Amino acid sequence: MARDLWEEIKLKYTALTASVLAGLMGTSALAQQICEDDVMVLAQPRDGLTLLEDYYDEFEELSGAGFQIDYLNENDRRAKSQADASTVGSFNVYYVDEANLPLFASSEWIVPLEGYYPEDYDYEDFDAGMRSVASYDGKQWFAPIQGGGDLMVYRTDLLEEAGIEPPQTWEDFKTAVAELHDPDNGVYGIALRGQRGSGANVWRWLPLFAAHGGEWVDDSGEFAFNSDAAVKATEEYLELFQYSAPGTQTGSFDESTGAFRSGKVALIIESAPLGAMSKDPSQSQVVDSVAFTPPPTPLPGSGYAHGFAIASRANETEEQKACAGLFVAWATSKEQEARRLAEGQPGELTRTSTYESPAYVETFGENLSAAMAATGDSTEVLFWQDPDWQELGNAWGIKLEELIIGSRTDIQGALDELSELANAM
Amino acid sequence: MKLGRSLPVVFLGPALIVLIILAAVPTLYAFNISLQNRTLSAPDADYVWFANYIALFGDARFLNALWVSLKWEVLTVSATMIVGIGLAIAMFEAATPRWRNVLTLLFIIPVLLPRVCAAFVWKFSFHPLYGAVTWPVRAITGETPDILASPLGAMLAVAFVDVWQWGPVFAVIILKLMEALPPQPLEAARIDRCKRWEIHVFITLPMLKLPLISLILVKAIESLRSFDLVYVMTRGGPGIATETLDMYAYSQGFIEAGKISYASGMAVVMLVLTVVMFTMIWKRLNR
């Protein structure tokens, strides 16, 4: 038994080393030393980027120049990158996300990757969901560093005990949540997000809105935030909250996934990083009793992604753009991903080839590997891809939180107010 | 004579110059921005003069933030003073000098803790499933009270953390002030068989009127800078129940809309209201 395990470990690391070497040799041979100055990067802290800095010499050898990453937390990074991109343009590469991509792209602060992202780095290998999030106006704008769609994560022990099959449809899901809800024994049917915010409660509400056929703008071009679909989605969301774990009414991803990982929740639909987190013994008490599938139909996954984009103002010449493109490709390459996986950084994996790799299956199991590979097909961009989305999404987040905690009850009224705000904008 | 007249200028001059640079320049800059339509997403801006101010007073969320800030000020300042005076009197009456020293040390610890850390610790303590504060209720009734999910509960919980940090340190300051009072009036009152509460209500606290007014103003200014506490514990929620002016200004400036000019307008309104109100309070209390 121990010998088998040793053989497996040897196989895993031999394969990993081989893939890293092959990748490095391949990219080194193909690359030209096209950079004249160090690449300036503005990003937010990520374990994978810290790891990337260990391979500074590799990029220098590849490109002819080094790089410098300045880190700011999410809100500050957004503010600083907007201010920089709209004024002086001191960064060659910006860290952008799903929320500010429309603003950056429509303001022409970044350029599309096409023509600057070397083909050898295989952009099509990125998860389909993340690629769709990285697209705007029919073009690809950034290479993902992290992101994904949604997974349905469930407790196999609780479902088996209750004789319930993993739900395949939304109706079955709701029934299962109600049946498994047993607060007297410390188990809650589901964990949702109640905290206000376009990336918090609104993010979990979006799949319901889409499943009910909701559209941001109707056929006549008018805002449709107060449509029947929005009302129905909100009613269902509020209805489900009666089964949601305590603390989630004003909580977000951390609170809802925390409740699941501590064994208090039977079923949850959450962003894909929860998959690897719930299989990590240092973060989860339910490692041996979780399983994963894409969300039940017709619920789409709420796609999100963060990644590197090529700045336009700081890269005036084609050579500078190509240099920034090379950095973007190198930083998000298969080789870097293999390193992140080997370092145990599962939250920052973005490529289909990684999800299907033996190393991934070895670490997280076949079930999560299959679910991660499959979830891309159901992942969509569900939020309104517009520079005003942040303001509008956050305004809806406040109203939705008030509805969740019961300080207001008029769903239609809240949505009408939102529609008025949209029209005023 | 000439030297005597110029001496105050010599002493005050450098300090005033530093003050002007540190305080006046950013204030004037904020006022200038508030007259424009500057946003984070656009490099250029035009002067719209007082349009931001007119919009502010038609903004229900801004008016709510004003009301929340007023409630927050009254709640935290009064509770801090009550806790500070109460603890100081208790220490003055019941603690030996050695115990006073021990308690003084303990009472200073909360305020030394960074606000963000304190906010995270208490937020977790209020958690309905895992929190230490909610544990007795869970153990006795089996219920899972979610204090931060109700508008009143959230306001009281955040105010509690603020008072937890500042009440004890105010108690230490007031105790030291009481110890510095001349003992004769207190001895005379005791000879006249005054009760203990009468001594404090009619003698010690009136004697400490001026320093107590100063403490009230210091706390009022400190309470206005509650952003970190609110941001970590509630983010202004649930809904907008704990959204103070600084929290709303930050939301408009950075989180939601990037409306820097609009947020600067709020900061200017906050500044003007603070100066006017504090001047009025100071004059009234100082009569």
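Note: Cβ is positioned from N, Cα and C throughout, glycine not excepted.
Sequence-distant contacts of the transmembrane segment (B:12-35) (same chain, six or more residues past either end, CB-CB distance under 8 Å): 47-50, 52-53, 260-261, 264-265, 267-268, 271. If you look up TrEMBL, you'll see B:12-35 (among others) marked as transmembrane segment.
Summarising the annotation, TrEMBL assigns domain 'ABC transmembrane type-1' to B:66-281.
According to TrEMBL, the transmembrane segment annotation covers B:74-95 (among others). Taking Cβ pairs closer than 8 Å, the transmembrane segment (B:74-95) reaches residues 103, 107, 155-156, 159, 162-163, 166-175, 178-179, 196, 200, 204-205, 212, 215-216, 219-220, 223, 226 in its own chain, all 6 or more past its ends.
The transmembrane segment annotation in TrEMBL covers B:102-122 (among others). Outside the transmembrane segment (B:102-122), and at least 6 residues removed from its termini, the chain residues within Cβ reach (under 8 Å) are 87, 91, 95, 133, 157, 160-161, 164-166, 168-169, 171-172, 175, 228-229, 231-233.
For the transmembrane segment (B:154-178), the residues of the chain that approach it from at least six positions outside its boundaries are 68, 71-72, 75-76, 79-81, 83-89, 91-92, 100, 104, 106-108, 110-111, 113, 115, 118-119, 122, 126, 147-148, 204, 208, 211-212, 215, 219, 222-223, 226, 229-230, 233-234, 237-238, 241-242, judged by C-beta separation under 8 angstroms. Marked as transmembrane segment by TrEMBL: B:154-178 (among others).
Per TrEMBL, the feature transmembrane segment maps to B:199-221 (among others).
According to TrEMBL, the feature transmembrane segment maps to B:260-282 (among others).
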The transmembrane segment (B:199-221): which same-chain residues, six or more beyond its ends, come within Cβ distance under 8 Å?
73, 76-77, 80-81, 84-85, 89, 166, 170, 173-174, 177-178, 181, 185-186, 189-190, 274, 278, 281-282, 285-286
